[in-house]
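*Asks:* Below you'll find the structure I mean.
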Amino acid sequence: MKSQLLSLAVAVTTISQGVVGQEPFGWPFKPMVTQDDLQNKIKLKDIMAGVEKLQSFSDAHPEKNRVFGGNGHKDTVEWIYNEIKATGYYDVKKQEQVHLWSHAEAALNANGKDLKASAMSYSPPASKIMAELVVAKNNGCNATDYPANTQGKIVLVERGVCSFGEKSAQAGDAKAAGAIVYNNVPGSLAGTLGGLDKRHVPTAGLSQEDGKNLATLVASGKIDVTMNVISLFENRTTWNVIAETKGGDHNNVIMLGAHSDSVDAGPGINDNGSGSIGIMTVAKALTNFKLNNAVRFAWWTAEEFGLLGSTFYVNSLDDRELHKVKLYLNFDMIGSPNFANQIYDGDGSAYNMTGPAGSAEIEYLFEKFFDDQGIPHQPTAFTGRSDYSAFIKRNVPAGGLFTGAEVVKTPEQVKLFGGEAGVAYDKNYHRKGDTVANINKGAIFLNTRAIAYAIAEYARSLKGFPTRPKTGKRDVNPQYSKMPGGGCGHHTVFM
């Protein structure tokens with residue numbers, strides 16, 4: 001009798017002390033998660049219902065978008081929080097923060113001809129600057145790239161190598177009156193300077209075609225440019241949603257995330273409703289199983305304005321807490337209409353940008369997912385242009401998937417993935433046409449299954465995965481860009 005009472009006391013103590021991270025009801029009777037079982041729980045109808053819900057949040061408000069701090073994004077955050085909380089399987093929180101929102105518009109005229117330009121967010125305003133145009137060398141990332149006579153002139157800079165913010169700052173140091181950054185790939189260019197900086201000058205983006213034409217004209221003679229930039233600024237309260245499984249080892253956390261906000265131009269259903277709903281679908285499917293390692297899901301805010309939400313989160317963790325995160329997986333645009341199956345190049349073999357130790361193994365795992373089904377895939381540059389940036393800067397292994405943004409699909413890629421050559425992976429990238437109709441159902445379904453495949457693997461075991469690198473600082477030069485001018489893997493057009 002005494003031993004029975006002791007057992008009861010232990011059980012009661014365990015229950016009463018298990019509030020934080022307490023295993024959900026029925027946990028012992030759930031089957032252990034496997035890759036096949038978790039993938040089989042992924043249903044296209046659930047994914048499409050999710051993206052349609054996000055579309056409804058955009059449609060319900062005059063802005064017709066889901067920009068952080070706006071009504072469409074507030075609805076998105078509340079819905080994600082409530083949906084995940086209702087499962088009872090996760091400890092869920094909203095992480096409040098305040099960030100500076102910016103909206104900018106530009107008008108550009110060269111020698112009497114109007115050009116289609118996009119102001120960089122966080123650009124200083126400009127009221128009818130009229131000045132001669134000069135051209136910077138070598139992407140304008142160093143002081144020596146700017147002509148000696150730059151002072152008081154508007155400088156034309158090609159995109160690439162460094163961030164838009166750095167280009168604007170260098171132009172400011174050279175005492176330019178303004179800067180125009182033109183694309184280094186076909187198509188228009190919009191982006192962000194990443195925040196306010198006293199060194200910045202009024203800055204606008206221009207298409208590759210128009211930029212090259214201007215450079216040619218400057219080489220032939222004097223070009224006069226008129227530039228107007230209207231910029232609005234506002235501090236906005238917003239939230240990340242963080243959900244961690246109640247069960248599993250909380251010292252061995254598998255983390256994944258997707259940003260939940262859109263740009264001003266439209267509802268952002270591929271960018272990045274696709275990633276948000278992809279990980280939500282996996283989160284709900286995971287509730288049918290038990291696991292060995294805890295899994296932490298994150299829906300980031302304000303990615304489109306400089307990876308603000310994910311950076312805020314990572315900076316909120318000390319080295320000890322962040323060391324519990326054994327790897328981070330990022331999913332930003334996984335339903336592109338003219339898609340290509342792309343995996344972050346964690347081993348650096350394709351783009352010579354290597355992630356922290358373990359990033360290569362993440363890449364190989366996703367390669368195996370596609371290879372086992374005979375599905376083509378290719379690497380995409382590990383540039384730091386999406387929400388994994390803050391993690392790799394602190395030496396957390398990372399990886400993920402991306403189906404393409406504004407870059408044009410090649411004939412060689414059509415042979416691999418189908419689709420249309422000479423057309424962007426997502427022709428509605430950062431535009432009002434990024435609606436539910438913009439989603440490639442096959443791509444989003446396949447990539448959501450790939451997420452499930454990876455989560456099942458790592459939630460079950462980290463056997464064979466490299467020992468987590470010591471948490472610390474790592475030099476990363478994000479090639480930010482995801483606005484027309486980057487790519488969401490690639491996201492936030494910073495560069």
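First residue shown is number 1, and so on along the chain.
In case you wondered, yes, glycine gets a Cβ from its N, Cα and C as well.
In case it helps, Swiss-Prot gives these features for our protein:
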type     : residues         : note
SIGNAL   : 1-21             : signal peptide
DOMAIN   : 124-218          : domain 'PA'
CARBOHYD : N142             : N-linked glycosylation site
CARBOHYD : N235             : N-linked glycosylation site
BINDING  : H259, D271, D332 : Zn(2+) 1 binding site
BINDING  : D271, E304, H430 : Zn(2+) 2 binding site
CARBOHYD : N272             : N-linked glycosylation site
ACT_SITE : E303             : active site, proton acceptor
CARBOHYD : N352             : N-linked glycosylation site
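Could you place the listed features in the three-dimensional structure?
*Replies:* For the domain 'PA' (124-218), the model's average pLDDT works out to 96.
Sequence-distant contacts of N142 (N-linked glycosylation site), defined by Cβ-Cβ distance under 8 angstroms and a gap of at least six in the same chain, are Q170.
Long-range C-beta contacts of N235 (N-linked glycosylation site), restricted to its own chain and to partners at least six residues apart, with a cutoff below 8 Å, comprise V98, H99, L100, W101.
Counting every protein chain shown, the number of other Cβ atoms lying within 10 Å of the Cβ of D271 (Zn(2+) 1 binding site) is 34.
For N272 (N-linked glycosylation site), the count of additional Cβ atoms within 10 Å of its Cβ stands at 32 [all protein chains shown]. In the three-state DSSP reading, N272 (N-linked glycosylation site) counts as helix.
Other Cβ atoms within 10 Å of the Cβ of E303 (active site, proton acceptor) number 30 in total over all chains. According to its DSSP assignment, E303 (active site, proton acceptor) is helical.
Cβ neighbours within 10 Å of N352 (N-linked glycosylation site), excluding its own Cβ and spanning all shown chains: 9. In the three-state DSSP assignment, the secondary structure recorded for N352 (N-linked glycosylation site) is coil.
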*Asks:* CA-CA, which of the recorded positions N272, E303, E304, N352 lies nearest D332 (Zn(2+) 1 binding site)?
*Replies:* N272
*Asks:* What does the structure give for the C-alpha distance between N352 (N-linked glycosylation site) and E303 (active site, proton acceptor)? Integer Å is fine.
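*Replies:* About 25 Å separate the Cα atoms of these two residues.
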*Asks:* Cα distance, D271 (Zn(2+) 1 binding site) to H430 (Zn(2+) 2 binding site), nearest Å?
*Replies:* 7
*Asks:* Could you put numbers on the helix, strand and coil content of the domain 'PA' (124-218), residue by residue per DSSP?
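*Replies:* Taking each residue of the domain 'PA' (124-218) in turn, the totals are 27 helix, 27 strand, 41 coil.
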*Asks:* Using the structure shown, find which entry in E304, D332 (the binding-site residues) has the sparsest Cβ neighbourhood within 10 Å.
*Replies:* E304
*Asks:* Measure from the Cβ of H259 (Zn(2+) 1 binding site) and count the other Cβ atoms within 10 Å, all protein chains considered.
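*Replies:* Its Cβ shell of radius 10 Å holds 34 other Cβ atoms.
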*Asks:* Quick one: give me the count of other CB atoms within 10 A of the CB of H430 (Zn(2+) 2 binding site).
*Replies:* 29
*Asks:* Going by Cα-Cα distance, which of the recorded positions (H259, E303, E304) sits nearest to N272 (N-linked glycosylation site)?
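*Replies:* Smallest Cα separation from N272 (N-linked glycosylation site) among H259, E303, E304: H259.
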